Amino acid sequence: MAHENFTRVIEFILTGVSERPDLQIPLFFVFLVIYGLTVTGNLSIITLTSVDSRLQTPMYFFLRHLAIINLGNSTVIAPKMLINFLVKKHTTSFYECATQLGMFLVFIVAEIFILAVMAYDRYVAICNPLLYLAVVSRRVCFLLVSLTYLYSFSTAIVASSSVFSMSYCSSNVINHFYCDIVPLIALSCSDTSFPETVVFVSASTNLVFSIITVVASYFNIVLSILRIRSSEGRKRAFSTCTSHMTAVSVFYGTLLFMYLQPQTNHSMGADKMASVFYTLVIPMLNPMIYSLRNKDVKAALKRFLTNSCCSFKLI
């Protein structure tokens with residue numbers, strides 16, 4: 001009844017990573033470096049896996065899309081975050097906030113499923129090597145990636161529209177550095193049971209399905225590796241999936257820390273740090289994980305730099 005007397009919110013204020021004025025400039029440079037490394041690393045992976053003929057395999061096809069997703073996820077968050085370190089008023093319009101949340105959900109859901117697809121790819125490569133190119137054909141690769149993007153867009157539309165269908169009245173201060181679901185629901189002055197249910201069901205379904213796929217794939221991978229008689233063969237088989245295992249452990253470890261901690265220990269400070277990790281730090285680390293531990297990528301980078309230098313000298 002009293003909702004008509006409230007002023008409808010048309011913009012939000014983001015508190016940022018820290019509200020301390022003395023930390024704004026140092027944090028700006030820290031996150032500028034992180035974002036710069038993220039862009040450089042992921043663009044390098046995208047370029048190498050696109051132009052190098054020796055990296056035209058299903059594994060590198062999926063790695064290219066992981067790099068695209070990481071770059072997109074970081075770009076949705078970092079530019080606005082960096083600007084807010086330099087200005088006094090950290091405002092974002094209602095529709096800008098809705099767009100940011102929607103795009104963030106697209107990329108985070110896509111990352112959850114592309115990691116599961118990459119685990120399946122490693123499972124087929126190690127457990128059924130003779131059928132690998134038949135099972136994970138070019139058509140199947142495109143289908144898996146297309147379904148990943150289609151599902152992530154659908155999930156983002158449903159989740160973000162349910163969050164922004166709520167009424168926001170009076171209070172418009174989001175205790176976060178970007179428009180996220182939990183602080184937005186906390187601001188609503190209407191019934192939040194429906195969006196909370198939508199978000200919970202969606203998040204739990206996505207995580208459970210993805211984790212089951214990853215765990216089942218690596219369980220079978222480990223069994224297959226243990227059956228290999230030569231230690232050199234086991235080492236070679238294991239080396240093909242260590243990078244992905246590292247990336248998966250870091251990503252899911254952060255998400256599980258954030259969502260499975262007891263409610264009594266739950267704090268926005270911890271949420272912010274976890275969010276910094278999976279929106280900005282992990283997209284920066286993934287190219288390093290896949291390049292530093294991968295001889296093919298390092299060799300492709302060397303060939304690319306050599307060819308680029310030769311082309312430059314000819315000009």
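Glycine residues also receive a Cβ, built from the backbone N, Cα and C atoms like all the rest.
Note: TrEMBL annotation is automatic and uncurated.
Here TrEMBL flags 27-49 (among others) as transmembrane segment.
Among the features that TrEMBL reports, domain 'G-protein coupled receptors family 1 profile' is placed at 41-290.
Per TrEMBL, the feature transmembrane segment maps to 61-81 (among others). When Cβ-Cβ distances below 8 Å are used as the criterion, the transmembrane segment (61-81) is approached by residues 16-17, 31, 34-35, 38-39, 41-43, 45-46, 49-50, 92, 100, 103-104, 106-108, 110-111, 114-115, 117-118, 121, 141, 144-145, 148, 177-178, 247, 279-280, 282-284, 286-287, 290 of the same chain, each at least six residues removed from its ends.
What TrEMBL records for 101-120 (among others) is transmembrane segment. Sequence-distant contacts of the transmembrane segment (101-120) (same chain, six or more residues past either end, CB-CB distance under 8 Å): 59, 62-63, 65-66, 69-70, 72-73, 76-77, 144-145, 148-149, 151-153, 155-157, 159-160, 163-164, 178-181, 184, 206-207, 209-210, 213-214, 217-218, 244, 247-248, 251-252, 278-279.
Residues or ranges marked as transmembrane segment in TrEMBL: 140-164 (among others).
When Cβ-Cβ distances below 8 Å are used as the criterion, the transmembrane segment (207-226) is approached by residues 112-113, 115-116, 119-120, 122-123, 126-127, 234, 237-238, 241, 245, 248, 252, 255, 259 of the same chain, each at least six residues removed from its ends. Annotation comment: TrEMBL describes 207-226 (among others) as transmembrane segment.
The feature transmembrane segment is assigned by TrEMBL to 238-261 (among others). Taking Cβ pairs closer than 8 Å, the transmembrane segment (238-261) reaches residues 59, 66, 111, 115, 118-119, 122, 125-126, 203, 207, 211, 214, 218, 221, 225, 270-271, 274-275, 277-278, 282, 285-286, 289-290, 293-294 in its own chain, all 6 or more past its ends.
Long-range contacts of the transmembrane segment (273-292) within its own chain (CB-CB distance under 8 A, at least 6 residues past either end) are made by residues 17, 31, 34-35, 37-38, 41-42, 44-45, 63, 66-67, 70-71, 73-74, 77-78, 104, 108, 176-178, 180, 243, 246-247, 250-251, 254-255, 257-258, 298, 301. What TrEMBL lists as transmembrane segment is 273-292 (among others).
The average pLDDT the prediction assigns to the domain 'G-protein coupled receptors family 1 profile' (41-290) is 87.
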